[in-house]
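Annotated compositional bias 'Basic and acidic residues' per Swiss-Prot: 1-52, 72-83, in sequence order. Feature annotation from Swiss-Prot assigns compositional bias 'Acidic residues' to 53-71, 100-135. For 1-153, 191-231, the entry in Swiss-Prot reads region 'Disordered'. Here Swiss-Prot flags 509-549 as repeat 'WD 1'. Summarising the annotation, Swiss-Prot assigns repeat 'WD 2' to 559-599. Marked as repeat 'WD 3' by Swiss-Prot: 694-732. Residues annotated as repeat 'WD 4' in Swiss-Prot: 735-774. For 778-817, the entry in Swiss-Prot reads repeat 'WD 5'. Taken from Swiss-Prot, the feature repeat 'WD 6' covers 833-864.
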Amino acid sequence: MAVDKGRRPVPPERRAQGRKRAEPGDVTIRETRTRPVHTPEPEPELLAKDGILELEDDDDNDDDDDDDDDDKSNHHDGAPKNEDDMEAFPELVSGKDKDDDGDEDEEEDDEDEDEDASDDEAFDSDDLENWDEEADAKYGDADLSDDDDVKEGDAALERMIARARVKPDESERTTNKLGIDTGVAARFYDESRNDDGSKRGRVVQSHVTGMPKVEYPPIEPEYDSDSSTEDVPNRIGQVPLSWYDDLPHIGYDINGRRVLRPAQGDELDKFLDSVEGEGDGWFSAHDKTSGQDVKLTDEELDIIQRLERAQIPVEAYDPYEPATDWFTQHQQTTPLTARPEPKRRFVPSKWEHKKIMKIVRAIRQGRIVAHAPGRERPAFYNLWSDADEARADHPMHMPAPKLPLPSHVESYNPPAEYLFGDDEKAEWEAAEPEDRKLPFLPAKYAALRLVPGYDQALHERFQRCLDLYMAPRMRRKRLDIDDPDQLLPKLPAPRDLRPFPTHTDVVYAHAPWRIRTVSIDPSGAWLLTGPDDGHVRLWDAALGRCVATWDMNAGVARADRSPVYCVQWCPNRTFGIAAAVSVGRVTLLAPPQCGKTMYEASLAHLTTPHAAEDAATAQWTRASEADRAAGVCVRIDVRNNKHASLVPKYVRWHARGDYFATVSPEAAGEAVLIHQVSKHRSQAPFRRTRRAGNSAMAVQCVCFHPSRPWLFVATQRYVRVYDLVQQSLVKTLQPGVRWISSLDVHPSGDHVIIGSYDRRVLWFDLDLSERPYKALRYHSRAVRAVAYHPRFPLFASAADDGTVHVYHGTVYSDLLQNALLVPLKILRGHAVQDALGVLSIAWHPTLPWLVSAGADGDARLWTP
């Protein structure tokens, strides 16, 4: 057996001690060991021929660390159990590998020689056989002590390096219930359980997928159950517990049994609870509902500790979480579409210009002030000053209308007069639902508990919802006026405006014929009436005696006879002439009863001129000597272009008495004709007065201006003012009514009064507006006639309700002051026949007298 020269053999124990590497954190334990004494066995059985026994350095091969660990454990446990364990440590090198590893062995030998030159000495195999263990004991102990010092230094160095390499723990310090750090405190539960006492899961292989999975233990009621679903024994609700201060119980459970008050300990018991046991007294809170001390959980204690440290109660919440810009962190360089940019992207916006100009105008007007000082606020103010103020509603907020309050008929025990009889019940059932006054049948019950359910409740609630959703709402401003009389204008008393007609003085009877028209001559002594029998009657106005009668249908077939539609005296006092229209012609009368001088002047004025030969619209004819002696002077036959007779129904004189106009509503271009008495000539000033198929343009009446050459033409809905000299339209009055019935012009010429079939009387101020100045709605039926008094500030209106309304109307010369209109008197005396009342009225030319003609066949003179 060859042994490497220059090396000192080391016993197996020293070899094992030298190859052992100290681990970081290990604590070296020195102990005295007894070296085992044994008889060496023959070497040829262990080593091959020419084998070499080499001890490698600890730093040469890192793969031997695992073996070192095993030897280390054996070293600490004591002496090796057998010799095989001791001798298995060295590496056995065979002779055939010597050549291959020669260079490596030489390098290792050189290193070993340099390190152990002072310690190792060469000896041969005979020395190994004659090894003296006792002699080498002292030397071995000294060598072991040196090795222990080296290992202690290496272990300290390794610990320093390990501490330098470990990343510092930046997590917050956690403590248990007693305030001790959980890193150094003893665990209450073993490793198989979590800190809260629940069992930990274990990783097992799935039988289905074959993959590892976490298998959790079954839930234990003591640790894993949730107490949030447990029933609370005390079921008193949110009531003050002070109610039970003087009672032995603190409430009732779900079964209605009393929950007795638990025994309460004194201060000594509380102190003992906090000292003895596990210290649960420090982690308990008193529950007022149950009267017991409830132990707080770890989560609740953690929340309390976080609140004490002014931290967020939720541990998982991160207030400083880095914000991730999901939409703009990656710039998109590829466009979605290749469409060219529109022109509006390069042209200034028109709407932005308007908005900017709006702001500029506000700045110029001073509504927007740049750098305006803010409103000064007081340094000290009442914090709760506006706490009780109601919040302002939205500007467009309109509250829903409230439902009507229930009445006696909706009672379950209504009075007998509210109950329906058999006939009323049958009528209610036969009527449509929208025509019924009540949506239900009133019923009577002896007690409220006997009232059945209302079957229409859901339907009524649905209709209410429809009304709130579909019906538009309107806001009406209400005036906060204590005295309603403040709304009425300050008008003078009627007694201060006398004289005006108040009662009937004379009655002119025409029974059974209704009187369509009435007129008083300029002197006021004579009265003309036109009833339906076709005769014009002359009356003495003061006495009420009929003086003369003229038949307007003389020479006309019985089938063509017609009533007298209108009669009008000439306003010229020089002549006593009257015009009456009926059966398609106009008759000029000169009553001889008016006086011989006036009769002769009137007759000469009517019969001297000659009629025009080329008259196409009207034919003037002188009456016979007998007719002229009776008072009939001239007849005018009104014809159209086809020589068909027309029916004029209205006549009106000019203020000078030489012209008068007639109206035929059914005619077209010749509805209005102007006749000149001095020349016996008639003409149509309008070529077309009604459009084809438009009855609203039909002429109803006309009137001359008292001082200007103006003609007022009233159609169904409008009043047009024409200048006859300039042949132009001056203005159009817009009454806003459906059908105009009558028209009259004030003696001053600046005001117009209009009556309509929709029960309204309208006053117009021509200098003020084309709209009505006043609208009087005092009649209950259609207005038939209106008239101004020639001298007094009076005007009147007659309607089908059988009444005549007298008004006071003062017109001021000052244009800045409006007219004063005052209702004075309602004259009642005419009876309504066939829905017709008073058909015509006329004022006395010099006295405050009024004559009215009605459908009852009477004409009445009203005086003060």
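A Cβ is built for glycine as well, from the same backbone N, Cα and C atoms used for every other residue.
Across 559-599, 694-732, 735-774, 778-817, stretch 559-599 shows the highest tally of CB pairs under 8 A with the repeat 'WD 1' (509-549). Counting only same-chain residues 6+ beyond the ends of the repeat 'WD 3' (694-732), those with a CB under 8 A from a CB of the stretch are 650, 652-655, 659, 661, 663, 665-666, 671-672, 674, 685-686, 738-745, 747-749, 752, 754, 764, 766, 770.
Taking Cβ pairs closer than 8 Å, the repeat 'WD 2' (559-599) reaches residues 516-523, 525-526, 528-536, 538, 547-548, 550, 552-553, 605-606, 618, 628-638, 645-658, 660, 662, 675, 677 in its own chain, all 6 or more past its ends.
Model confidence over the repeat 'WD 4' (735-774) is summarised by a mean pLDDT of 94. Only residues 6 or more beyond the boundaries of the repeat 'WD 4' (735-774), in the same chain, are considered here, and those with a CB under 8 A from a CB of the stretch are 700-708, 712, 714-719, 721, 780-788, 790-791, 795, 797, 799, 805, 809, 811, 815, 818-819, 821.
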